[in-house]
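Peer 1: Starting off with a structure, shown below.
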Amino acid sequence: MDLGLAGRRALVTGAGKGIGRSTVLALQAAGAQVVAVSRTREDLDSLVRECPGVEPVCVDLADWEATEQALSNVGPVDLLVNNAAVATLQPFLEVTKEACDTSFNVNFRAVVQVSQIVARGMIARGVPGAIVNVSSQASQRALTNHTVYCSTKGALDMLTKVMALELGPHKIRVNAVNPTVVMTPMGRANWSDPHKAKVMLDRIPLGKFAEVENVVDTILFLLSNRSSMTTGSALPVDGGFLAT
């Protein structure tokens, strides 16, 4: 199926690893020009070697001023994937100021800032656009030791709706994708314990975790004109977890 992404310019945050990296590869394979944003230079260097033509931008999105400087002259962007995120797991009674500050700066505030930069450019050019925010099933279900992470993703889901409301008149669609556990290298490592995995898998009707391509396919669909009437949604990629 042709998604009509050829010739469009996309920006992906958290592009060095996992879902972000795979999204960059898929977008370029679909004919898009891609700006890849990561805080880790080594990841960007290896991405450019694997995927020549990608435009790398190395910046820590937790730093507002550095992000403004790095992205203010990034050029026209038609498609945005806000994927960068951090997860600090702590019991509620042990949550620290540092965990709150870092998590909200990256998982929420950076989405606001990057989306503002990109959306202002779209509006100035008078062109339609699409934004996908990578959220989580944790936005809608409480998970032990995930106080801050769940809260940032809940905030991200509501941000998605407000962005859709305010940017819709400018023909800019905004949606979230909400995966379950995803089998990235980090996901495999974190859920390798059979007992821990079984507790979660027992809550998923399809009985399995998501593969990276399940999430990437959904992101590309939401970026494409195939979803031209979809905005303000939070689309689960969770095997039915949120239905239970």
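Just so it is clear, glycine is given a Cβ too, placed from its N, Cα and C backbone atoms.
Pasting the relevant annotations from Swiss-Prot:
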MOD_RES   MET1  N-acetylmethionine
BINDING   11-39  NADP(+) binding site
MOD_RES   ARG21  omega-N-methylarginine
MOD_RES   SER46  phosphoserine
BINDING   SER136  substrate binding site
ACT_SITE  TYR149  active site, proton acceptor
ACT_SITE  LYS153  active site
Peer 1: 10 Å Cβ neighbour count around the residue listed as 'active site, proton acceptor'?
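Peer 2: Summing over all protein chains shown, the residue listed as 'active site, proton acceptor' has 22 other Cβ atoms within 10 Å.
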Peer 1: Between ARG21 (omega-N-methylarginine) and ALA15 (NADP(+) binding site), what C-alpha distance do you get in Å?
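Peer 2: On Cα coordinates alone, these residues lie 5 Å apart.
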Peer 1: Select the closest residue to TYR149 (active site, proton acceptor) from the following recorded positions, measuring between CA atoms: ALA15, ILE19, THR23, LEU27, SER46.
Peer 2: ILE19
Peer 1: Using a 10 angstroms cut-off on Cβ to Cβ distances, just flag whichever of MET1, LEU11, ALA15, ILE19 is the loneliest among these recorded positions.
Peer 2: MET1
Peer 1: What same-chain residues, at least 6 away in sequence, bring their CB to under 8 Å of the CB of LEU27 (NADP(+) binding site)?
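Peer 2: The answer is LEU5, ALA10, VAL12, VAL34, LEU79, LEU220, LEU223.
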Peer 1: Quick check for you: of the recorded positions ALA15, ILE19, SER46, SER136, which have their Cα within 10 Å of the Cα of LYS153 (active site)?
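Peer 2: Near LYS153 (active site), where near means Cα within 10 Å, the recorded positions are SER136.
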Peer 1: Please work out the number of neighbouring Cβ atoms within 10 Å of the Cβ of GLY31 (NADP(+) binding site), leaving out its own Cβ.
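Peer 2: Step by step: centre on the Cβ of GLY31 (NADP(+) binding site), count other Cβ atoms within 10 Å, giving 13.
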Peer 1: If we count other C-beta atoms within 10 Å, could you say which of the recorded positions ARG21, ARG39, LYS153 has the fewest?
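Peer 2: ARG39, out of the recorded positions ARG21, ARG39, LYS153, has the fewest neighbouring Cβ atoms within 10 Å.
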Peer 1: If you draw a 10 Å sphere around the Cβ of SER46 (phosphoserine), how many other Cβ atoms fall inside it, taking every protein chain shown into account?
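Peer 2: Its Cβ has 14 other Cβ atoms within 10 Å.
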